[in-house]
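Written below as structure tokens is the structure these notes are about.
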Amino acid sequence: MKHFTSVDDIQDLNALLDIAQNHKQNPFANEDLGRRKTIGLLFFNPSLRTRLSTQKAASNLGMQAMVMNLNTEGWLLEFEDGVVMNGNKAEHIREAAQVVSQYCDILAVRSFPTLADKQKDVSEHVISAFKKFASVPIVSLEGSSEHPLQAVADALTIREFKTKNRPKVVLTWAPHPKALPHAVPNSFAKIMKLSDVDFIITNPDGYDLDPKITNGVTIERDQNKAFENADFIYAKNWSSFENYGQILSQDLSWTITSEKLKLTNSAKFMHCLPVRRNMIVSDEVLDSESSIVIPQANNRTFAAQAVLSEILKNQ
Ligand code: CP
């Protein structure tokens with residue numbers, strides 16, 4: 001593994017999950033692998049889980065982590081070529097990526113989408129520029145169209161909690177007051193397509209995800225029907241992909257409630273967090289034994305540790 005910026009970078013999902021599981025059972029078994037190596041964690045956007053779990057994963061592997069909130073602590077970066085830099089952007093990605101590569105053995109970047117420029121977002125404009133100009137491996141800490149470390153943690157969590165060989169997994173849209181990215185549902189859909197599960201997506205009209213990603217997946221408009229016999233309910237909001245970045249609905253009848261879970265096969269409730277209570281999911285569900293969001297978040301460390309250790313092994 002050189003870069004890890006998409007679920008498409010996973011060559012063998014089961015092997016990667018085995019590695020994550022081994023790290024979970026014995027977190028310090030490879031503490032010499034990253035000795036005298038440095039990871040740079042560059043954040044253009046806020047984070048709680050991704051920042052701390054990736055830092056912890058690096059530390060478990062013996063790496064030093066340098067963390068920087070680029071938007072508030074660094075120079076504003078220019079990504080376009082050929083521009084006269086007479087505005088507020090003081091540094092070009094061409095220099096910044098090369099310079100930081102000299103300080104780090106791995107660079108990890110979080111950069112959310114514009115939700116205004118679909119082409120730019122789908123092309124992973126910022127992370128692609130780091131891949132182009134940096135000389136070290138790039139890891140996505142959530143890009144504009146994918147959140148692959150989250151997806152690995154999600155797949156690991158389903159593997160741990162499933163009670164049958166081929167569980168039914170439902171990705172459901174749920175309401176939210178803000179326009180949110182497609183990165184989490186895109187990566188979740190991709191990784192479920194690699195998994196031994198019955199996978200369906202349920203969302204209202206106008207909220208279909210990128211058809212290139214959901215190709216072959218059943219999309220059900222009736223959430224209640226989708227929930228029948230489900231073993232896992234993965235809730236997430238996303239803005240419209242077709243009417244790019246728009247909020248078309250805040251319909252609270254899509255909120256995950258105890259009544260909805262009664263339609264399922266005692267399904268486990270999943271969400272990547274942070275989650276808006278009583279918008280996405282009721283207090284009752286989130287505080288119940290059905291919810292596995294806390295162990296799901298714990299698995300972020302071991303997903304990151306698996307990916308970092310695979311990259312370190314190739315260095
Ligand atoms: N799930 C996730 O990526 O959480 P953070 O935004 O807090 O990192």
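Just so you know, glycine gets a Cβ as well, placed from its N, Cα and C.
Because TrEMBL annotations are produced automatically, they should be read as predictions rather than curated entries.
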TrEMBL N(2)-succinyl-L-ornithine site partner of Glu142, His176, Arg276, selected from Lys225, Lys236, Lys313: Lys236
Sequence-distant neighbours of Ser47 (carbamoyl phosphate binding site) in its chain (C-beta under 8 A, six or more apart): Arg110, Leu141, Glu142
Long-range Cβ environment of Arg300 (carbamoyl phosphate binding site), under 8 Å and at least 6 residues apart: Arg49, Thr50, Ser53, Thr54, Leu149, Gln150, Ala153
Mapped DSSP class for Arg49 (carbamoyl phosphate binding site), helix or strand or coil: helix
Secondary structure tally of the domain 'Aspartate/ornithine carbamoyltransferase Asp/Orn-binding' (184-309) (DSSP, helix then strand then coil): 47 helix, 20 strand, 59 coil
